[in-house]
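Following: one structure in structure tokens, then a few remarks.
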């Protein structure tokens, strides 16, 4: 029986995406995230609060490596990368790293124990694909099986993106989802009434996972997934473009986004740590967008821009 090695990193919640990326880059076959915030305000089937969940700003990110991996080298690299992230101003917190071995069948399912149904916005709830869930009236359920390499939709950057989509979409829109990952934003757009959604990701694994998640949700055959490098080569105009990726990448797509967003349309940018906020704002303003909404959760920012000649009620330019 093949064994796997498990490394758990305890970091501040704001560092979730950056640290997950570090773990994948060091050879992890997947990550699982345990975050006490996912339980805040959640209730079980009988209306009772989840019991005795201690709330903390720290989260546990568990990565899984083949038994052949030199774990000492991996942990040394992880510590170096985490120190570098902290030097860039990202709030990492007091980092601790633990490791252990586990059997393959445990590795395959271990991450699922951290993943519970979560009400993300007023209307949207994300539910693991293996969980039975009875939706309430008006509740829109996103079935998701992100695999171990993608987030579960509960990170602040994803939450703010979903909130923005819920506020903007009224039905009949064309949406472009850049860096789709698990496909959660595309699925949400479909459930919120968008007519057609185009989802792009540079990673072939993400394209496959997104399509698998789309197939889990009924009525989402209006989502078209393809490999793509941001908006390069895209000619389809859209009412809304949404991108939840790193700030350094967001600034590379603002000009193409302005070309593709229809007049009175929206650009939603998320995944922005506070230190990178001005850089993203400058790129979007230079492209011609006006800022309509700025959302903040912890160290993370999400921005909603509008393409318009009527600047009443908007900021920037």
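Heads up, the Cβ atoms here are built off N, Cα and C, so glycines get one too.
Remember, it's a predicted structure, so these values are computed and weren't measured experimentally.
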Swiss-Prot records 158, 201, 244 as S-adenosyl-L-methionine-binding residues. Which of 179, 265, 288, 298 is assigned to the same site?
179
Near-site residues: S-adenosyl-L-methionine, ref 158, 179, 201, 244, CB cutoff 8 A to centroid:
161, 177, 178, 180, 181, 182, 185, 243, 245, 271
Candidate with the highest Cβ count within 10 Å, taken from the binding-site residues 158, 244:
244
Give the number of CB atoms, excluding that of residue 179 (S-adenosyl-L-methionine binding site) itself, located within 10 Å of its CB.
22
Using DSSP and three states only, what is residue 179 (S-adenosyl-L-methionine binding site)?
coil
Starting from the Cβ of residue 201 (S-adenosyl-L-methionine binding site), draw a 10 Å sphere and report how many other Cβ atoms land inside it.
25
